[in-house]
Amino acid sequence: MEQRKRMLIYAIVSMMVTICISGFGRMAYGILMPYMRDSLHLSYQQAGMLGTSTAIGYLVMVLLVGIMASKWGSKPLVAISLLLLAGGCFILFNADSYAASLIGMVILGVGTAFGYTPLVNIVVGWFPDNRGLMIGLLLSGMGLGTLVPSMLAPNFNLWFANDGWRYLWLLFGAVSVITTFIAVRVLKDPPVPLRQTRTQRASLFKEVYFHKGILLVAAIYGLIGFAYLIPQSFFFSYILEAGVNESSAGTIMALGGIMSIFSGPVWGAISDKIGRKLSLCMTIFLGGVSILIPILIPAFSSFIISQTLWGFTFVGMLSLIQALSTEQIHQSYAPIALGYVTIYFAGGQMLGPGLGGLLADNLGGISAALWLCVGLLAMALILAPRLNQTSADDLEEALPEITSR
């Protein structure tokens, strides 16, 4: 009973943290981008580069966050993450130029890198038998973080005219500060940190970095990272350009956010029944179809179907890939594997919005960027059936046991 109570508390607080680091730090920009673009007089390429700058900040720090966590623990990094996010939001609140916005977005990316992987380490360390559920719940916070700005953006734009987006960034910063105090109060590092011997450290290149299964997962994760920020950055603008009013467009985006809340836990449960590889193939296929529909038929009903399917699948893709990364190798290397494949994911994110914005400016509008997303998901779907789900079991037998958290 005590363990269930602790798991519930950690799940709630961790979702709050994820709302800030993934929702406000990554997903909110796609909702606020049209207002920022008009107010700051940005081109689509500049708007896309703002999304890319967040991925750059994320990529630079995710390379170092594992080392920092092993030295200082995961909890301090989560607190630093939230404070950085608050700082980035406050900079965006005051931004009056592209350069200032760029600085704020880079800080958001750095803050996101500091937070997510250490947060996963905390919940997996405390609740190893509920890993899939906890990761799914964490990613539900991403959906909530998308839902909030989708619902608030049209109203803030009415209340504060052209400065509505600024006050939303101010609100996100304030919520991040409050969440920092709650996280510091509630979350604790797992009681027994994972330690590796010198021999095991020496084998990281063989068992993780050059492991065929891990490299395949990393390639798929990189393609998904490349693809998924494109609709997140441009789909709201695509709906507006089709003649849908701001209120209805916000409602459509909010629908995607609502569906994504359930995506991680639902696809996690499905994967327990039919296998993660098949589940991943299903989510990638449905995700590609969801983006293809509004390209071919840019109508109101298509946007609703698209966001429903996309919201219900893209968080599932992320949670399944993260779970697969930990199942390709011995359990003792799971956190290292997750951090390693995340580098590929961040690299893909760095390319997506910028290249998508370039295509939107030069090759027929936002639909060109969405075609790129569909193509990338098709490549991921070709690779996914080649994943091996049994390699983790083989390694369990081949490697010596290490005391778990």
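Just so you know, glycine gets a Cβ as well, placed from its N, Cα and C.
Heads up, TrEMBL stuff is auto-annotated, nobody curated it.
Pulled from TrEMBL:
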DOMAIN    11-392  domain 'Major facilitator superfamily (MFS) profile'
TRANSMEM  7-29  transmembrane segment
TRANSMEM  49-69  transmembrane segment
TRANSMEM  76-93  transmembrane segment
TRANSMEM  99-120  transmembrane segment
TRANSMEM  132-152  transmembrane segment
TRANSMEM  167-187  transmembrane segment
TRANSMEM  208-230  transmembrane segment
TRANSMEM  250-270  transmembrane segment
TRANSMEM  277-297  transmembrane segment
TRANSMEM  303-321  transmembrane segment
TRANSMEM  333-351  transmembrane segment
TRANSMEM  363-384  transmembrane segment
Proximity verdict for the transmembrane segment (303-321) and the transmembrane segment (76-93), three or more C-beta pairs under 8 Å: no
Range from 7-29, 167-187, 208-230, 333-351 with the greatest count of C-beta pairs under 8 A to the transmembrane segment (363-384): 208-230
Stretch of maximal Cβ-Cβ contact with the transmembrane segment (333-351) [cut-off: under 8 Å; candidates 7-29, 208-230, 277-297]: 208-230
In contact by Cβ distance (the transmembrane segment (7-29), the transmembrane segment (49-69); 3 or more pairs under 8 Å): yes
Intrachain residues whose Cβ lies under 8 Å of the transmembrane segment (132-152), provided they are six or more past its termini: 7, 10-11, 14-20, 22-24, 26-28, 31-32, 116, 119-120, 123-124, 168, 171-172, 232, 250-251, 253-254, 256-268, 271-272, 311, 315, 318-319, 322-323
